[in-house]
Amino acid sequence: MSNVPNELKYRDSHEWVRKEADGSYSVGITEHAQELLGDMVFVDLPEVGNHYRQGDDCAVAESVKAASDIYAPLSGEIIEVNSALASEPERVNSAPYGDGWLFRLKASDEGELATLLDATAYQTAIAE
């Protein structure tokens with residue numbers, strides 16, 4: 001069974017969200033998603049300054065098996081991307097909740113957090 005940290009929120013499309021000390025939100029893909037995709041070969045990240053609505057496709061993870069769209073879990077502005085992934089996309093595989101984060105955003109509607117899954121609900125969703 002995949003690791004699903006309790007302190008994170010999730011989308012059923014396998015993105016996770018973590019609130020940072022500065023009020024921004026880090027976003028990545030779940031361990032379950034990276035296991036399904038296999039070894040990452042490239043991650044196409046959004047541009048800093050771009051604005052997305054919740055559910056918009058904003059990035060692409062390319063693995064040896066497939067390319068998969070990554071969706072914005074919250075509406076907001078991209079304020080940082082994990083530039084280390086350009087040369088080390090495998091970080092998404094080795095540390096999906098750590099060094100493999102994809103981008104950070106400034107949420108425009110924190111009320112959208114209520115639409116995300118908690119760890120228990122996400123575990124139930126991926127077990128089906």
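Heads up, the Cβ atoms here are built off N, Cα and C, so glycines get one too.
If you check Swiss-Prot, you get these features:
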DOMAIN    24-106  domain 'Lipoyl-binding'
MOD_RES   K65  N6-lipoyllysine
Could you count the residues of the domain 'Lipoyl-binding' (24-106) that DSSP puts in helix, in strand and in coil?
15 helix, 34 strand, 34 coil
For K65 (N6-lipoyllysine), what residues in its own chain, 6 or more apart in sequence, show a Cβ-Cβ distance under 8 Å?
L37, G38
